[in-house]
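Over in Swiss-Prot, the protein carries these features:
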TRANSMEM  17-37  transmembrane segment
TRANSMEM  46-66  transmembrane segment
TRANSMEM  78-98  transmembrane segment
TRANSMEM  101-121  transmembrane segment
TRANSMEM  132-152  transmembrane segment
TRANSMEM  176-196  transmembrane segment
TRANSMEM  214-234  transmembrane segment
TRANSMEM  251-271  transmembrane segment
TRANSMEM  349-369  transmembrane segment
TRANSMEM  376-396  transmembrane segment
TRANSMEM  397-417  transmembrane segment
TRANSMEM  429-449  transmembrane segment
Amino acid sequence: MAGSPRVYNSQHCGFSVAVMRFLLLLLTAVLISLAWLSPDHSYPWLTFASEMLSFAAFLSLLALFLNRPLELPRVQLLALPVVFIPMIQWGFGLVVDFSSALLSSAYLLGFWLTMLLGYNLSRSSADRERMFTLSSYLLFAVALLTSLIACIQWLNLESHVPGVMNLYSHRPYANFAQPNNMSTFLILGLLGCLYLAEKQKLKQYYIWPVAALIVFAITLSQSRTAWVFGLFFIIYWTYKSWRYPTHLKRYAVLLWAIGFFAVGLLFPRFTRLIQKLKEGNVVQTSSVVERASAGHERLGIWQQMLDAIHQKPWTGYGWNQTSIAELSSMSSNTIHVWFTSAHNVVLDLLVWNGWLLGGLITICILIWICWLNVHAKTTESIIACLMVSAVWIHTLLEYPLQYAYFLLPVGFLMGLIQAQTPDQTARSVPVSVIRSIWVIGIMLLALIWRDYNLYKVNSLRILKNQPANIEIWGSSKILVLTEFDQRLYWLKLSPVAPLTSTELDQIEKMVQNKATPYNLQKYAQLLLANHQFEKAQQQIAYLNRLHKKDYTLQDLQQANASAVESSK
């Protein structure tokens, strides 16, 4: 009898741990779901709400290890130095802004840590199946909601449904505000359906109608990235299902893939039919041929970025500073568009870091992905590889990994795949380190929320010619997001203010990194007011070419005269 209290306490403790684990996993699922479904896309940080929710989900998942150590595979240590590259570049003056470098390093660290979390939560085959099943259920549910939202937009009914974004183009995008991002996410949901069907976790009559709706919503997006992945899927699944037999018949799965292409070809006719039956307007869509023959701007972007790399082959232009590379290589610009990404992750890495470092990072990523794929032999790891491939294929054409709601889940999935690779030596990360990271993460997230909202309030006051003196938490000073602090100064600055050459050079770096029409025009006005006519003419040329404007030096002189008059 003397041992009974200890047995009871042990059982009670185990029950409490299980409940806490369940609650944290549930909270993580809710937060990342809200990140995917958030309709809040407001200027200047369009995905601010989704990014905050994604990192909150990450911290919720990290809380599972506040009382137990994380196992760190030694191979993972090779990737850790990459986390600090943006901050090192800022220290040497290559990255213009501190907060840009800090956030870049924070995103890289988040990606690295979610890989560790995926690895540690999937060490055994039972844990791996459990985690991937939960992930597939989550993707299944959110993809269903996203598909319904896309259909609502396609039918022009979004104004009648709360929580749904208004559609401003002919390609539905649900609440992602970007059709290709929606398409890639729906592919993840479709692969979740495949896993649930393969492992018989749900009845077929639940899965296939939802899968059909998801395929239809992907077609609505008219994403060419989805077509590329469809071809990749056919090849990959044919090979893997031949090597490792599956429950589902190979021909049945491949018929679904072929059906996706058939729906795309027939979709314009289907749209016209629905329009007749509905006796109203539905969103007009392009045909497959029209979509395939459009959007060749990427070729011009890639060519210009190669020229930019040749200009700075060793150091690059700094992490997340593709815009500076574009303005530095305007002599080879063939497209009239301002871009902040090379629309290809390999080119972005080379632009940011130069041939040597960027090439080394690219080669390591390629080797790592191939290594994971070679060891993908179970249903969980094979379908996880397909999910990761969907996002990585997207990165070759756009920039999905700049969004935390893709970056962090991809890290988690890659950690899950890595957990089933054999003979990995690992060391333990002390609990104290995990707790420190968690506390710093909470504090950083809170400060970012504060700084961003402080900027939004005070920037509106500046535009209304009111003093920017609103305080949050007892201060009106921006602490972490220094880029927004510079923007407040920039908004307050008169376009005819007398400045030194050093001050103008500092502003030039900021403008090159954010070459919006407002920034280019105002900087040109400043140069003109400070008698730097050639540079002013150059900024006008950038403005006209990148944003399809038609300004002249005389227009700026008139604008400056008006600014002088209004300041009297």
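Using the three backbone atoms N, Cα and C, a Cβ is placed for every residue, glycine included.
These figures come from a predicted structure and were not determined experimentally.
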Six or more residues out from either end of the transmembrane segment (176-196), which same-chain residues have a Cβ under 8 Å from its Cβ atoms? 36, 41, 46-47, 132-133, 135-140, 142-144, 146-147, 150, 165, 169, 202, 207, 210-211, 214-215, 217-218, 221-223, 225-226, 229, 248, 253, 379-380, 383, 386-387, 390-391, 394, 397-398, 400, 403, 406, 409
Under a criterion of three or more Cβ pairs within a distance under 8 Å and sequence separation of at least 6, are the transmembrane segment (397-417) and the transmembrane segment (78-98) in contact? no
Per the Cβ under 8 Å criterion, with at least 6 residues separating them from its ends, the transmembrane segment (429-449) contacts 52, 55-56, 58-59, 62-63, 65-72, 106, 113, 116, 479-481
For the transmembrane segment (132-152), which stretch among 17-37, 78-98, 251-271, 349-369, 376-396 has the most Cβ pairs under 8 A? 17-37
Residues of the same chain, at least six outside the transmembrane segment (349-369), with any C-beta under 8 angstroms of its C-beta? 78-79, 82, 85, 305, 308-309, 312-322, 325, 342, 388, 392
Who are the long-range neighbours of the transmembrane segment (17-37) in its own chain, taking Cβ under 8 Å and residues 6 or more past its ends? 49-51, 53-54, 56-57, 60-61, 63-64, 134, 138, 141-142, 145-146, 149, 163, 175-176, 185, 404-405, 408-409
